[in-house]
Amino acid sequence: MDCCADSWRRLSDSEGEETAPEHRSPLLGHRGAFWKNAMGFWLLGLCNNFSYVVMLSAAHDILKHQRTPGNHSHAVLLADILPTLLIKLLAPFGLHLVPYSPRVLISGVCAAGSFILVAFSQSVGTSLCGVVLASISSGLGEITFLSLTSFYPRAVISWWSSGTGGAGLLGALSYLGLTQAGLSPQHTLLSMLGIPALLLASYFLLLTSPAAQDPGGEEEAETAAQQPLMSNEPPESKADSSSGLSLQERWTVFKSLLPHIIPLVLVYFAEYFINQGLFELLFFRNTSLTHAEQYRWYQMLYQAGVFASRSSLRCYRIRYTWALALLQCLNLGFLMAAVWFNFLPSIYLVFLITLYEGLLGGAAYVNTFHNIALETSDKHREFAMTAACISDTLGISLSGAVALPLHDFLCRL
């Protein structure tokens, strides 16, 4: 929060001095721009992942009620992962040619389309198309908004990450709450069509004109604070945009990102291996909770840990994210042993480990992208953010390829 801190220091230095109103207003405008952008990125993170979480839960419910033969969980997982993986693999090569505003519009339209398709679905194919649209919306949105942070003070990375963490918790809670209150999955989805609209409003009406990491003057800050992004110079036209990078430069930057990408891939591989392959097998009979209730508690505590740690960058920062990858892999090994040998005496130990798992995953995400923003030049930062986005999806994809067969094998045993 460099620009905010500088503003407060200038305020402190001027205490006790008589300042003309015209000299105070640019400073207030600077602070106003910072908080508008911070809240804008928090809402973008919330809306981008909120739609995805809610729609995926609803797709599972609606598929159950369609009474079609067979287990479609693997099909849902593929429809969920593959579009995002494809987008993130191709994004570093050509997505920079598409302006930000059309990308945001496509993301919002796909999110709304996923709600409508799944809500009115009468077949498995239609429901899976809704999952695909949600995956496109979430993947394209994450790449777009993380790349966009390169034109704003680095503090907005923390706000974006906090919003994405809150989406997992609030999305699951809101869907569960509305369905428990008596709304059908279809009506619950239709009631949430305001979320894509809020995403578009946050981008076009709340974000201010992109400014450099170290704003040049108070007049520029005041102007940025007064004008929404819709009415200002788009990021694509700024001199430090990565659109002019050669293929060789992109490859060099990508290789320099591997120390950040590999630990994040390992973190997501381990945690989604736990979530997809082990949670359902960690069943305790010495508790009043049913099997389904135990699984929901695992997911809720995991999301709570993710939200807390993705919001923690303003409190502490972790430079060596490989340590988080090591700890998450130890988590995976311990829980695999617990499933195989059944030595854990109480579900509350698993509750603590699940919360800890979420804390590690969320901390790895926010610190990885913050470290990339710190260590890359202005010219390379936009591309670096785009390229590093593959980390989480690659880890999830690899874990799905291994965890699902292992889960079925352990169930047969």
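Cβ from N, Cα, C; glycine included.
According to TrEMBL, the feature region 'Disordered' maps to 1-24 (among others).
According to TrEMBL, the feature region 'Disordered' maps to 214-242 (among others).
Under the heading transmembrane segment, TrEMBL lists 41-63 (among others). Same-chain residues lying 6+ beyond the ends of the transmembrane segment (41-63) with a Cβ under 8 Å from its Cβ atoms: 72-73, 76, 80, 107, 111, 114-115, 118-119, 121, 124, 127-128, 130-131, 134-135, 137-138, 141-142, 145, 149, 152, 156, 159-168, 170-172, 174-176, 179, 185-186, 188-189, 192, 195-196, 198-199, 202-203, 206-207.
Per TrEMBL, transmembrane segment is recorded for 75-98 (among others).
Taken from TrEMBL, the feature transmembrane segment applies to 104-121 (among others).
Look at TrEMBL and you will find 157-176 (among others) tagged as transmembrane segment.
The transmembrane segment feature in TrEMBL is assigned to 188-206 (among others).
Annotation source TrEMBL lists transmembrane segment at 257-274 (among others). Beyond its flanks by at least six residues, the transmembrane segment (257-274) meets 302, 321-322, 324-325, 328-329, 331-332, 335, 357-358, 360-361, 364-365, 368, 371-372, 384, 387-388, 390-392, 394-396, 398-400, 402-403 of its own chain at Cβ-Cβ distances under 8 Å.
With a threshold of 8 Å between CB atoms, the same-chain residues lying at least 6 positions outside the transmembrane segment (320-341) that come near it are 259-260, 262-264, 266-267, 270-271, 273-274, 278, 281-282, 350, 353, 356-357, 360-361, 363-364, 367-368, 371, 410. Residues or ranges marked as transmembrane segment by TrEMBL: 320-341 (among others).
If one looks beyond the transmembrane segment (347-366) by at least 6 residues along the same chain, the residues whose Cβ comes under 8 Å of a Cβ in the stretch are 157-158, 161-162, 164-165, 263-264, 267-268, 271, 274, 282, 284, 286-287, 289, 294, 297-298, 301-310, 312-313, 318, 321, 324-325, 327-328, 331, 334-335, 338, 392. Annotated transmembrane segment per TrEMBL: 347-366 (among others), in sequence order.
If you count C-beta pairs under 8 angstroms between the transmembrane segment (104-121) and each of 75-98, 157-176, 188-206, the highest count goes to 188-206.
Residues 36-37, 39-40, 43-44, 47-48, 50-51, 54-55, 58, 101, 104-105, 107-109, 111-112, 115-116, 118-119, 137, 141, 174-175, 178-179, 228-230 of the same chain lie 6+ residues outside the transmembrane segment (188-206) yet bring a C-beta within less than 8 angstroms of a C-beta in it.
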